[in-house]
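K.L.:
Below: one structure in structure tokens.
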Amino acid sequence: MKKGTVLHSGISSVISRLGHTDTVVVCDAGLPIPSTTERIDLALTQGVPGFLQVVDVVTQEMQVEAAILAEEIKQHNPQLHETLLGQIERLQQHQGNTITVRYVSHEQFKLKTADSQAVIRSGECSPYANIILCAGVTF
């Protein structure tokens, strides 16, 4: 459910169509995106825009009740993982709800992207910088 204003029409459109438990993926530049899933490609060059920046903008407009990460982020990108968990904590406080964070293998994560409403590709070039955001309700 939409909460604010995003300038990118594709992102705004996807968020406005979300129902409870629908998912949106924000990913790094390397995640394979199924041909059957809507692709919103923001990647301009390596690192632009960054993964955390895209997650921040998307979650300003999207009500989130859960997030799914690849288990591998803990070992292979611990600094980004900790920063992302902090971002999720701040989002919980802003929304006034608890956001459940679950972990799956990277292979399972890639399979789950096929069920999402869209995959938003950032320019991030660090390992396992991917998240599945599960839509909540604003009431």
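Yeah, the Cβs are placed from backbone N, Cα and C, and that goes for glycine too.
Fair warning: this is a prediction, and the values are worked out from it, not measured in the lab.
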K.L.:
Return the residue out of Asp22, Asp28 that Swiss-Prot annotates for the same substrate site as His106, Tyr128, Ala129, Asn130.
P.N.:
Asp28
K.L.:
Using a 10 Å cut-off on CB atoms, tell me which of the recorded positions His20, Asp28, His106, Tyr128, Asn130 is the least crowded.
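P.N.:
So among His20, Asp28, His106, Tyr128, Asn130, the recorded positions given, the one with the fewest Cβ atoms within 10 Å is His20.
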K.L.:
Far apart in sequence but close in space: which same-chain residues, 6 or more away, have a Cβ under 8 Å from Ala129 (substrate binding site)?
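P.N.:
Set apart from Ala129 (substrate binding site) by at least 6 residues yet with Cβ under 8 Å, we have Cys27, Asp28, Phe51, Ile73, Asn77, Leu80, Ser122.
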K.L.:
Per the record, substrate is bound by Asp28, His106, Tyr128, Ala129, Asn130: how many Å separate the farthest pair of Cα atoms?
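P.N.:
Output for substrate binders Asp28, His106, Tyr128, Ala129, Asn130: max Cα distance 13 Å.
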K.L.:
Which whole-number value in Å describes the distance between the Cα atoms of Asn130 (substrate binding site) and His20 (active site, proton donor)?
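P.N.:
Here the two Cα atoms lie 21 Å apart.
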